[in-house]
């Protein structure tokens, strides 16, 4: 801790994303004057470490936010609904990693590489998009800037860590049971609070979050609606199919997109991705170079490969987008928003 | 064995698909008068069982096909190239499960639910399509018949058994090693004969078969070209992204398609799938009913769910297609072609 810098609060500090946030703040040498770690009553009292110093986790209450400059929330939608307004009331800027405020007209939904200017319009709360949306828009934005964008169709290959630490445990214990020739009793995935649960080990489940009336899941609708909001393109045609896989961390996406510009080649698209902020182009079929979830874990970038032109549609292209869903998909994007708030002097040192 | 019926030869009888073919012939009570099991010299002499009777596997040679009515080939492309013409020369009709003849103009490429009439045009050899193509066209055909078809974009979720028995072993042994905290040394997947090998356990590999000059893999080009040929639609727009997953058996596909007819609903599409031959509609979001690979193993049908209308494109729809890649994708489709050849009296009892 330094005598200069900001007072940062972390809500949900003991969770999977909270832990990654703490680690990311440390790695980034975030200018922290005071660090308040908050959680539910159940986890309060636990000791976590930040740069070697012990920090005791406290129960999150309205008063916890007195004097806080930036509060990073990642403790579920209901906690955000309850406590984010309390933090704002006390002068904090909230970066919320839940879906609670994402589609709220008064809340900017931000991926810094895409729409950091939206941060200027905040009213206290800034929403961090859904993990699968973030990596896709980060890859699409540099293409859109040069060539426009008309249509996106994405099929996802999502890791279990997106469903929390218990889902990771369920995947590994099911896997070991099946290898031992034992029966398994799924209890959590695809959605803990839904009626039925299915085996994730050695399987693929085409359901992430609950079904909506239109037959799409909530995860699919998040990708559709958040993409339009972040890119400021209500007219953009977006469709998603979201699938859970037996992968611990790292979401992959097969993305088909159509640009406005005619006559482009795959090399044109790759040229834009190569120099894009936060994006790493890993694309060399001759050397079998393409991104994979097992290789992206612990990395902050969005990896793109398999870029190729559609064989029938002149403006159509395909690509394969992979990123660590706990980092760029959650913790890193939130910390990056906090860094950008400071850089842009939207939050100033007191 | 009966005194009536046909003389059937199975080339590649000891392989993963060959074993499934033998099992399928038995289950279907295929009218067999004589059964000749053939393999490479290495596996010759092995004893297999058909309806409780021991059948000794012989080395496949040109003379092995004397008197054979139907020869089912599943021993790799080079064996088919070498021996299928020898079988035809001796009066057999060959059903070839390799990619050797699929795009040959003189060879019908057949999924019985879609284009069995093409069997009448055979010149001795009939090709069985690629596993991922078969299940997709079986689901698309009933829709095309009523509503036309303009465009298909598919992203696949393919099981390791499509790469053979050794790939299954590699997946399980890697999985156990990783659970034990050991390092793994990939040796086979994604493509045994390619330069680099990647971990399949807890991963997703966006490469099936080798890369072509246009940036698509051979598997992707098979799906594209075979779909056009089977459906007699050279003008159809088809694109594919093929991905290997840590699933033993059961390919899944996220399929976006556009029909010719305007103003349809998802219910219209489901109505056509519900009564389609070889297709089972498993689609009830309220009850979390949708197909998954773990539930399709050992079943001959193509399972379809998650049917929904695109939110932007009036003629666009999405669906999720799952099938046992060793059965409808290989053994069952081959045996079904043989059954259809008899039903249609293209092959007659001698």
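Any Cβ shown, glycine's included, is placed from N, Cα and C.
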According to TrEMBL, which candidate in B:325, B:333 joins B:14, B:15, B:16, B:17, B:42, B:43, B:161, B:162 at the NADP(+) site: B:325
Of B:14, B:244, B:325, i.e. the binding-site residues, those within 10 Å of residue B:131 (active site, acyl-thioester intermediate) when Cα atoms are compared: B:325
Of B:14, B:158, B:161 (the binding-site residues), the residue whose Cβ has the fewest other Cβ atoms within 10 Å: B:14
Secondary structure at residue B:16 (NADP(+) binding site), reduced by DSSP to three states: helix
Cα-to-Cα gap, residue B:102 (phosphate binding site) vs residue B:325 (NADP(+) binding site), nearest whole Å: 17
Distance from residue B:251 (active site, proton acceptor) back to residue B:16 (NADP(+) binding site), taken between C-alpha atoms, in Å: 16
Distance in Å spanning the most remote Cα pair of B:14, B:15, B:16, B:17, B:42, B:43, B:161, B:162, B:325, given for NADP(+): 26
